[in-house]
Amino acid sequence: MLKNALLLFAVFVFAVQCARIPRNNEKHRLDTDLLLELLRQKSDPCKSVPCQNNGLCIATLDNFRCICDSPYFGETCDGDPCTPNPCQNEGKCKHERGGFKCDCKSPFNGETCKLDPCSPNPCENDGRCELIGNIFNCTCKDPYYGNACELGPCAPNPCKNGGECEEDGENYKCICKSPFHGETCDQTPCEPNPCENDGKCSFTDEDDFVCQCKEPFSGENCEKGPCIPNPCKNGGNCTIFGNDTVCLCPSTYFGKYCEKDLCSKLPCKNGGKCTIDGNDFKCECKSPFKGEKCQEGPCSSNPCLNNGGCKVNGNSFSCECVPPFGGKYCEAGPCSSNPCLNNGACRVTNMTFRCDCKLPYKGNQCEIKDSTEPDILMTTFGESIMTNNVTYQNITEITESYNWTSSETSVVTSDENVSATTDIFSTSGIMSTTHEQGICQNDSDCMNGGTCRRMKGNEHTCHCTENFGGIRCEVNLSCIGIDQSCRIMNAVCVVIDNHAICECPNGTLYHRKSGLCEDICDPRKCLHGKCEIIENTYKCNCEQGYTGNHCDEKEKGNHENFVPWFTVIASINLFVCVLLIGMFCVVCQIKSSISSS
């Protein structure tokens with residue numbers, strides 16, 4: 001500091017002397033150059049490059065200052081973060097911007113390689129730490145487990161709702177806070193619901209519960225009811241319908257209490273033995289019968305003709321013929337020799353034959369040729385014939401002796417036994433006729449696979465397949481056992497794969513809670529709208545003025561829709577008012593400034 005002061009004094013004296021020397025004097029020029037060189041040497045302390053490690057030197061008034069390049073530090077940037085080596089355990093120090101980084105040798109780690117994976121012990125609950133290669137491994141004490149022995153019966157705490165966990169060997173026990181209970185304190189007195197049959201559970205002040213039972217159930221837990229004990233047998237499910245109970249039976253059982261199985265209907269014909277096979281039955285047939293129900297035998301094809309009765313005889317059959325027919329197949333009769341001449345049709349009647357002659361032939365065997373060749377009508381079903389307002393009752397046969405003529409249009413009606421034939425002769429011609437025959441004319445008149453068969457007395461009737469009956473085989477006998485149950489459920493009986501079940505009609509759906517087939521479009525569902533069925537659910541089309549899923553909410557009126565518009569208009573008016581006030585204030589300030597000026 002003293003040197004600097006002396007130097008400044010010398011410069012000052014020198015400057016005074018220079019001022020006295022003329023400017024163009026040579027001595028003045030030399031002295032000035034000398035002074036400038038002295039000042040230059042003294043004023044550049046950075047010339048000697050005092051800042052190490054590429055530090056930037058900046059001259060100050062009395063000395064210099066070093067700005068060090070990272071990571072070096074110190075007055076002359078001679079400080080090195082890696083000197084001395086901060087990395088322990090033979091770690092290698094590397095320069096990094098702002099400091100250093102240690103490359104540690106395994107298994108050490110940490111900022112300065114002083115951390116051991118097992119120090120401090122990472123294994124919880126007194127687990128023992130061991131190094132395996134570069135990583136640690138915890139050997140846990142029972143009952144703990146996990147990478148750091150952090151898991152156990154009470155870790156994490158399995159007890160819910162503030163329950164306290166206590167270890168019990170390898171297990172745990174929860175001490176629950178009232179009113180919670182259960183293995184993990186996750187249940188209340190009403191969880192799970194102790195009230196059976198859809199009873200409602202409620203808390204009491206004593207941390208207990210009480211059940212509100214639905215009719216017709218009763219008991220502390222609503223456990224008593226018409227279906228308890230279960231009256232249904234063979235695994236039947238008891239369901240309450242009104243004041244009665246109905247048993248919903250498994251597929252192989254039926255009856256009011258499911259007490260009958262498929263074999264109780266005796267489905268196996270001709271002495272076959274019935275056994276239950278899974279969800280169906282199986283028939284063991286006696287020889288010579290076969291088929292699913294032992295229904296096929298020597299008489300299955302009905303080989304006996306002319307209403308002859310077929311009787312099984314060993315592995316064959318024999319025919320019991322109705323007089324006047326005979327032969328092995330009852331094929332022989334009064335018409336066997338074809339006694340009708342001239343292509344007349346022979347038919348058996350009253351133990352003999354009768355010939356239906358083709359025009360112009362007549363006679364018992366169509367042996368007489370009729371020269372008049374009258375028109376003829378063959379018709380059936382005759383009990384009476386009416387013409388010219390005269391009715392002929394109880395006519396069983398019309399012969400050539402009847403002669404009905406009229407100049408006017410005549411109407412003849414005839415109702416006789418099935419397959420009876422009536423001959424009506426006319427000289428003026430018949431304009432139109434109507435033919436009807438008995439219960440059936442062909443198989444298509446019989447339902448559910450029934451066949452139209454000729455019976456005794458020239459009558460035809462429908463012969464029904466198994467499980468069907470009625471005049472036209474329209475009654476399903478399989479439904480007799482459960483039809484009453486179906487009606488109680490508002491259901492109908494249908495047969496699927498020879499099994500009768502209850503099925504809800506179209507437009508209804510089984511409601512599990514009530515056990516009934518209820519209308520999908522119950523009028524109560526759409527209070528002010530029309531119900532529309534969509535697959536197995538419904539949609540309410542609301543009347544004008546109503547909305548909601550059940551059309552039970554009134555639509556908001558126009559006066560309410562006005563509220564948002566009123567808010568918008570009010571906001572605009574407020575904005576205009578603020579704008580006008582702001583402009584007024586600006587004008588006032590301008591006037592005030594002008595007045596001040």
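Yeah, the Cβs are placed from backbone N, Cα and C, and that goes for glycine too.
What TrEMBL annotates here:
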DISULFID  Cys104-Cys113  disulfide bond
DISULFID  Cys140-Cys149  disulfide bond
DISULFID  Cys213-Cys222  disulfide bond
DISULFID  Cys249-Cys258  disulfide bond
DISULFID  Cys321-Cys330  disulfide bond
DISULFID  Cys357-Cys366  disulfide bond
DISULFID  Cys464-Cys473  disulfide bond
DISULFID  Cys521-Cys531  disulfide bond
DISULFID  Cys542-Cys551  disulfide bond
DOMAIN    42-75  domain 'EGF-like'
DOMAIN    78-114  domain 'EGF-like'
DOMAIN    115-150  domain 'EGF-like'
DOMAIN    151-183  domain 'EGF-like'
DOMAIN    186-223  domain 'EGF-like'
DOMAIN    224-259  domain 'EGF-like'
DOMAIN    260-292  domain 'EGF-like'
DOMAIN    295-331  domain 'EGF-like'
DOMAIN    332-367  domain 'EGF-like'
DOMAIN    436-474  domain 'EGF-like'
DOMAIN    518-552  domain 'EGF-like'
SIGNAL    1-18  signal peptide
TRANSMEM  562-587  transmembrane segment
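Fewest other C-beta atoms within 10 Å: among the disulfide-bonded residues Cys213, Cys249, that description fits Cys213. Neighbour density for Cys321 (disulfide bond): within 10 A of its CB lie 20 other CB atoms from the protein chains shown. Through the fold, the domain 'EGF-like' (78-114) approaches residues 52-53, 68, 70-72, 131, 133-136 of its own chain, all at least 6 residues removed from its boundaries and within a Cβ separation under 8 Å.
Across the structure, Cys521 (disulfide bond) and Cys366 (disulfide bond) are spaced 72 Å apart at their Cα atoms. Look at the domain 'EGF-like' (518-552): DSSP puts its residues at 0 helix, 16 strand, 19 coil. Comparing Cα positions, Cys113 (disulfide bond) lies closest to Cys149 out of the disulfide-bonded residues Cys149, Cys249, Cys357, Cys531, Cys551. Nearest neighbour of Cys542 (disulfide bond) by Cα distance, taken over the disulfide-bonded residues Cys104, Cys258, Cys321, Cys357, Cys366: Cys258.
If you compare Cα positions, Cys551 (disulfide bond) sits closest to Cys222 out of the disulfide-bonded residues Cys140, Cys149, Cys222, Cys258, Cys473. When the alpha carbons of Cys531 (disulfide bond) and Cys213 (disulfide bond) are compared, the span between them is 33 angstrom. Remark: secondary structure over the domain 'EGF-like' (332-367) totals 0 helix, 13 strand, 23 coil, with classes taken from DSSP. Look at the disulfide-bonded residues Cys149, Cys222, Cys330, Cys366, Cys521 and count other Cβ atoms within 10 Å of each Cβ; Cys521 has the fewest.
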